[in-house]
Structure formats: structure tokens, C-alpha cells
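Student: If you scroll down you'll find the structure; I have some questions about it.
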Amino acid sequence: MEDEAALDRGASFLKHVCDEEEVEGHHTIYIGVHVPKSYRRRRRHKRKAGHREKKEKERVSENYSDKSDVENADESSSSILKPLISPAAERIRFILGEEDDSPAPPQLFTELDELLAVDGQEMEWKETARWIKFEEKVEQGGERWSKPHVATLSLHSLFELRTCMEKGSIMLDREAASLPQLVEMIVDHQIETGLLKPDLKDKVTYTLLRKHRHQTKKSNLRSLADIGKTVSSASRMFTSPENGSPAMTHRNLTSSSLNDISDKPEKDQLKNKFMKKLPRDAEASNVLVGEVDFLDSPFIAFVRLQQAVMLGALTEVPVPTRFLFILLGPKGKAKSYHEIGRAIATLMSDEVFHDIAYKAKDRQDLIAGIDEFLDEVIVLPPGEWDPAIRIEPPKSLPSSDKRKNMYSGGENVQMNGDTPHDGGHGGGGHADCEELQRTGRFCGGLIKDIKRKAPFFASDFYDALNIQALSAILFIYLATVTNAITFGGLLGDATDNMQGVLESFLGTAVSGAVFCLFAGQPLTILSSTGPVLVFERLLFNFSKDHNFDYLEFRLWIGLWSAFLCLILVATDASFLVQYFTRFTEEGFSSLISFIFIYDAFKKMIKLADYYPINSNFKVGYNTQFSCVCVPPNPVNISVSNDTTLAPEDLQTVSSADMYHNATFDWALLTKKECLKYEGKLVGNNCDFVPDITLMSFILFLGTYTSSMALKKFKTSRYFPTTARKLISDFAIILSILIFCVIDALVGVDTPKLIVPSEFKPTSPNRGWFVPPFGGNPWWVYLAAAIPALLVTILIFMDQQITAVIVNRKEHKLKKGAGYHLDLFWVAILMVVCSFMALPWYVAATVISIAHIDSLKMETETSAPGEQPKFLGVREQRVTGTLVFILTGLSVFMAPILKFIPMPVLYGVFLYMGVASLNGVQFMDRLKLLLMPLKHQPDFIYLRHVPLRRVHLFTFLQVLCLALLWILKSTVAAIIFPVMILALVAVRKGMDYLFSQHDLSFLDDVIPEKDKKKKEDEKKKKKKKGSLDSDSDDSDCPYSEKVPSIKIPMDIMEQQPFLSDSKPSDRERSPTFLERHTSC
């Protein structure tokens, strides 16, 4: 009774008998991706059940229902519409819900081989398709593989596959060392169970051991050798006179025409480049289907080996086989066998059925897996979709975790729809972050940070042993050097060279190297910021107006600020970071990105002003454009027509000699020399410099465009995967080198990078150490605490917001953060920089994001058609440390760095600003303002929040950003950090303007004091809640509640093409599925 299929409960509903044409058309119903199965249809008509129908219902009720009797026939017939979990789902929940310590099942490579005639003579197993994630077919020409595509299956083939599993041999956890041993085991099992006649054993064995021909690239000589082997084996093959099939003897088993039964892989397998697409622990699933003329009923077997075994040349790639599905059937149904083979191969590539196949205990577990797959598919009407069209793989695959969690006793998720919302959507609330939990003890957070990071300290060095780290070092180094030069120049102008470019280089090197070596998050890059520059300018002017010693006053402000930062560290004040929601993070990071973009264009416009373009120049009138140098007072100068001084002799001529004694030709002077000796430039072309501005803009935009294009080269169709990845990793360095070479070849004198060549203070009025006393009155030391409070807010906000952005959940950092440890080292370094009169440094948002982007890791092996999965970031201390060491050594590399044009580095700045805006939800919402409704992307928040509320949220964020920009551009920029803090208050005020439902999708819900208590209560309710019904209310108040239709496939009987070896004892009419699936 266990193997006997139940009767079809809906058989009597259909009175129409299908003809052969309709059955053939049934194959054109194709199945694609999953859709919601939660639709309830009401029955409008009631019909009195007949005698036969009542009898069938009573039988089903006895076998599958917990009720003792069935009183209402109509209620019984419509029970599939009740939102009760099906027996198949119950069984899968039991299978996947088992908690064990075994590792996750390995990746499967599935190969479909079909029994085909070679050159119209002998039969061989020929590979026709393969799967890892998506299907690849051998094109009809037989010379190439198709592009990976989503497998579209006929509904009919899935029903037939289910029947195969019901009627065929299921052999689980068997042991075999070779293919002949495995085949013999399968055939003997079929004979023992009465599914195969003993006299057919030799023929079936001979067929299953035929040679396997794989679709691999071979040389012409190898192809000729294969042809010779085929002819040789054909000469040894003979045909049985009874049925025309090859006869089988024990002598034939050792014939060279059979499959290579060696347990070692062949050379072609070892050379197959397709192995790069498979992980190292991958296993194989082989599907063998074909038609023979000596069988009257199908030969079906599904085998799972206890341990994966190498079965010679059975598989295209040298991976051990774990699963084997065999289907041999009578002649005339090759199309059906092919579709059934595709169906089981597609199921084996499905993540849920893949797990079920590894954990199944018996036949019913496998059938339940097929039923679960059927529950999750959609059917496309045959008249509205051409099944010949191959569906391209999606860029992002839907996670199978939803389906797995449903059956593994996890959270209550709604299948084929939206998952219950948990709030953050990747940016995350930080309330549940372990690093931000307040300990209540003195330096408790700092101690926990040290304990958390100490075990990873050694790995932080050897994890950098990858070529990707080299590209990150070069990229971030150039960005850091450019920023140090720019900031140092501005700081020198603001402080009368008390701090200049060299101090900027030295401070960057010392602070950055120490921070990356010992801080909690070494991926953070320290740099100077705009608010610090504004503060330095105001402080210098204040000291100058009140006759204070600027460097000593600044020293005491730095000491007080460092002291206040250490107090914040000791009191675990970093827990306040949890109030920095997506609204604050994206507002801050977007502002800094816009500043980078604005500054890049601002520098180029300034360069265009310095080297103006002569827009009135006409080629035909170039003789009218000139510029000559003339002496300031021709009367006092003796100009000789006979004797002149060459330009190289000018250094020996004093200014007095030029005015009184020298005979001199002023026309030979350069523009710089002419102005130096007080000459005059005369002509209509003196204010213009040819080609420099245009060439600079070409370098600027070319570097940016090239960097963007090469960074995306990883997803290009050109070159092998390794070459594309290498080009993508070194995209910025390659762009810089390309346009440096172009600049050198063209020869236009574009402005170049200028690095100090001497190691000494910029100003001769200062040294490398600032004495703490003697320059100012004693009360200044105490009064310095007031401006130090403002600096502390500035440092805390810049540092912690950048740290929050770096430690976002979507970066998948595994070694943890260290908010307290980071702030501790920033305070210590502030003391060092104050004593050495070096600039103060804090985390730089854009450069830190660029550092993370340059170290992102993706899966090395990905299935054809599958996008590489983001694994995380290469967390280590080497790249940052070497970047800052190289920055300090840049003084000695000035002869090399002077060949880099400044417009190229400005292009890198533009790239960093634009790249850091990628993936920011704020930018996505800005784009929505310009999109018609029908073209808007399917963002999760657009499903649940009205569009006008989304636009209102975006408008408020833009308004705050505009106010911050205006504030930054004025003298009031010194209170910029305080206004960043005000963003938290603005976000808190949004609670009165938006509902918590809307904010949970647009932003993160601000943590409340009792949030942990609520979460604990929610978990208790989940444990007490029943797992037996899909219609229970979700714990999430925002999930949609819709009824689910569960069709228990266990109660359907299907006999599409199989003949039962044990005829039924009673006569009955054909069932619904029999009439639809019989061939």
C-alpha cells in the first residue's frame, strides 16, 4: 500500500476526453520562476457526489485526513482550498528542520546524457545539457554550448517525473566503487523487486555501460582518433536477430567499445576549463535517459551513493558522482524521456530540492520535494509565450532562504511574496550591534573592542597577501597624496605657512600609519577635513589679532580636545551612534561626495582661469596674433643691434647691468623672465596659453570615464574572467598611467604634481616641537577648553559617522568594529600632532568608502550565467599602513611624481565622489522625481509606502542637505559638526510626520529603550505559536495577509506512461491525470 498511489480526487470533475493533439499541446505549458500561490477561489455551484466519488473520498480520508469520518462531500472535495499546510510541506519541514552539525551539502554539477546513435550505427551516451544554476544545451550543430538560460519545463514532464519517483527504484546511501558495480547493483535491485525481467539483465547492463561522449573542445587530430575508435567498436558490435538490439555477453563487457570503466578521470576531463566554474568540493549528478527496443515498460532508478565516487568518464568534468538517475523506456517516446531528464536535472539544481535530495530518508521524502517544487512554480499559457525563447539569467537571484526558513522552523515568511519587513534593508539600525552596547563600566567598551580585535591581529597581516591589495595601495596612495597636497596648500595660505604641504605630508603619514596598525577598524582612512581647515583659519586670525602664540594656543586646544575624547571613550559614549540612522548617514556621506565632485570641477575651472582659452583665434589670421617683451623705459636702456645676450646668460646679468650697461635683446626673454625684470608684454595673444586648458579637460574627463569603464569591465563579455578581474581591480591605476602617457606623448605643458623635495618646516619661524608654556598668558591654557569643546564635537561626529558607514552590514565585515578603540587612537594622535604642530586628522568618508570598494571580494567560482556573489571586504591592516608610509616617503619620490598631471588626479577625485554615491538610497529616491510611474524600479519601499510620502521624505532630506551646503560655504562652517548632530533631531521629529511603517522602509526605526524587551516578547510568541498553519498572523504588522492554496500532490495518482507490474484487483475508470498525461 505504501508504494501504491492514491486515487485522483478530482477525476470525476472532468468529463472531456482529450485527444492526441490536445495532449501534445499540453507539452507547451512551461514553468518559470515562483509566484504567489495565495489565491482563493470560491465555489459557486454545489453538486451532489456520486457513489464512486464518495467511495474515493472515503479512502482518501482514511489515508490522509485526521478526521474520523467525512460527512459533507462538498466540503471534502474543496478541502484543497483551505489554507492548511500540505502533508508534503509537513514532511519537508521535518527533513530541513533537523538540526545537525553536518556541513552544508556541496554544489552539484548535473549532466544530462541521452542514448543516441552515432553515425546511424552503434548507440552511445551523448551529453546534451548541463546545469549548475542554469541550463546550458548543446546546440543542434553539436559544436558549441548555448548561453546559460533559465530552464523552462513542461508541466507534463514534472507530473511524469513524480510518477517515475513513485514507480521506479529508489536506492539511497548505497556503496559502489565503480560504474560496472553500480550498474549491476541497480539491475539486480530491479529484478528483485519485479520491475525487470531477468532475461533482460545483460541487455540493460550493456546499454548502461555504453561509451559516454562529452561536449568538449578537441583538436582535429583527437577528433580523427575518436572517429577511428568508433569504426573499430562498430566492427565488433553485432545485432540480435530477435529485436535488433545489441546482444550482451561477458566478453562484451571488456570491449573497448564500452565506457572506460576506470575510476580515474581521463585527460580530457582534467584539461576541461569548465572546472573553474565549480567549487573544489563539488559533486556530480548524472542523468541518463534514452529509448531502447527491448523494453516493454520503463526502467527507472534514482540512486544516491553513501560517498561520492569517481566513475571514470561518466561525467564531463573530473568530479565524483553522488546521484544517478536512469530512465530507459520503449521506443517512440524520446521527447517525453528528454523532458523528464531535463525536469530532474533542473530539480537537482534547485537549492531546496538539492538539500532534500541529500537528506531524504525514503521515497516519500523525494516525492515531497517534487510537490514543494510544484507548489512554487507558475504556468505560462501556451498562446502567450514561445517556449523556444531562452530566458536570460536575472542579474540578482531570489534567495532560497525564504523557502528554507519556512520549512526549517524559522521565522514566519510569506512564500512567493514579500518577506516580513525587519526594518533596515541593509543600512541598518545599529541598536542590535554588539560593538555599540553600553557596558556601564569604566572603559568597558574600549576593553571589549581590544578583546574583540586581538584574535584577528595576526590575520590582519597575512590576509593582505593578494594582488588586489596592491591595486588598493596604489589607488588610495595617489588619492591621499593629492588630498594632502591640496589641503596643505590651503592650510599654508590660511596660517601664513605655519602649517604647509610638508606638515600635511608628515602628519598624514604618522597619523595614518599608527591608526591603521592599532585601531579597531583599519579600513578607515584618516585625512583632514573642511571644517578643520575653517577652524584653523579662524584660530590663526584670532591669535594674530590678540597677539597670542598660535601654535601654543593650538597645542592646548588639542590637549583639551583629546582629554574630552578620552572621557567619551571611557564612558562608552559611542553608543550614541545607534541614533545615526540611514537619514543621517546618507545625508552626511552624500554631502561629502557632492563636495568632492564640486571641488574637482572647481579646481578645473580655476585652472581654466589661469590658462585662458583664446576663443577669438582664427586660423587664417594667425599672423596677427603675437606677444613680445619690451623694456619698461626704452630711453634708459641701450639696445644694441650687434650684440645680444642669450637667455642662458641672463643669470649672470644683474638687474642694474640690464638697465645701464648691458646690451640686451628683450624679445628673447620668456614671459616669467620678462615680468621678473619689470619688462612689459605687448600683443593681443599675451593673456592666452594655447591648448593647456583643453588638454587638461581631456585628461580630467578621460581619467574619470576610463576609471568608470574599466571598473565595470569585470562584467564585460571580452577577455577571460581572470583578465577582466585584474583589469577591474587595477582600473584607477591603469587610467592614471594611460593618461600620463597621453600627456607625455602630446607634450602640452599641463600643470603637474608638485611635491616638497626638502624635509624641513615650511616656515623658518617654527620647529618640529611646540613648547607648551611661555608664549601665552596662563589663563589661555584654561580658556582653550571652550574652543576644544567645539573641536571635540567636530572630531566625534566626523569619526563616528564615517565609522558607521564603513561598518555597514552590507559590507559583510567579519572581524567586527571598534568604535571606542578608533576614537581612543584619534585622541592620542591629536596629542602627538598638537606637539609637533601638524594638522589634526579624522576619518575621511569618501576615501574610506573608496578603500572598501577597492578591497571587495567576490566568489572566485560562479555558475555560468550567475553573477558573482559579494563575499565581503578583505579586512587587513597592510594596505592602509603602506599607503601612509608611502605618503611619508613621497618627499623622496618627487622626481617620479612630478610627471603626473594634476587634471588626472582631479579626475580621480571626481571618480571617488561619484562612485561613493552608488547604491545610496537617497540617490535612488532623487532619480524617482524624474521618472514616470511606469518606468520606476521595483524598490521594496515603493511597494509599501505611497509615492507622495516617498517624495516628501526625499524633499526633507534635500532641504537638510542644502542647508548644510550653505552653512559649509560660509564662515559659520565651524559649527558644521553641530548641524550634523542636528540631523538626528530632525530625524526624531519625523516620527510625528511619518508613520513607523513608512519610516521602517524609508529609514531605520530609532531604537527605543524598551526595544529589547519587545524583541524578547516577540521571540517568546514565535516559540509558542503553531508552525502547522500558513494562515497564522505574522509577527510583523506590515506583512500582507492573504490565503494560501495548498495542493497536496500526495493524494494524486498519475500513470503517464508507466504500466503497473501488479494489475489492480478492481476495475476503475481512467483518472484526471491519466487522461492528461498518458502517451
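Cβ coordinates are placed from backbone N, Cα and C, and glycine is handled just like the others.
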Student: Looking only at what Swiss-Prot records, is LEU999 on the same membrane side as LYS760?
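Tutor: Each on a different face of the membrane, per the record.
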Student: Check each of the ranges 298-315, 838-855 against Swiss-Prot and return the one annotated as transmembrane segment.
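Tutor: Going through 298-315, 838-855 one by one, Swiss-Prot flags 838-855 as transmembrane segment.
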Student: If I take every residue in the region 'Required for interaction with AHCYL1' (1-62) and average their pLDDT values, what number comes out?
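Tutor: Reported value for the region 'Required for interaction with AHCYL1' (1-62) is a mean pLDDT of 40.
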Student: Considering only Cβ pairs under 8 Å, which range in 522-542, 726-745, 780-807, 902-918 makes the most contacts with the transmembrane segment (586-609)?
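Tutor: Between the candidates 522-542, 726-745, 780-807, 902-918, the best contact partner of the transmembrane segment (586-609) is 902-918.
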Student: Taking residues 6+ outside the transmembrane segment (551-571), which of them lie with a CB under 8 Å of any CB in it?
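Tutor: For the transmembrane segment (551-571), the list is 442-443, 445-446, 498, 536, 539, 543, 766, 770-776, 780-781, 784-785, 787-789, 791-792, 795-796, 820, 823-824, 826-828, 830-831, 833-835, 837, 840.
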Student: Would you confirm whether the transmembrane segment (693-710) and the transmembrane segment (522-542) meet the contact rule of 3 or more C-beta pairs below 8 angstroms, pairs 6 or more apart in sequence?
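Tutor: Stretch pair does not touch.
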Student: May I ask which of the stretches 467-491, 502-520, 878-894, 902-918 has the most CB pairs under 8 A with the transmembrane segment (726-745)?
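Tutor: Top-ranked stretch among 467-491, 502-520, 878-894, 902-918: 467-491.
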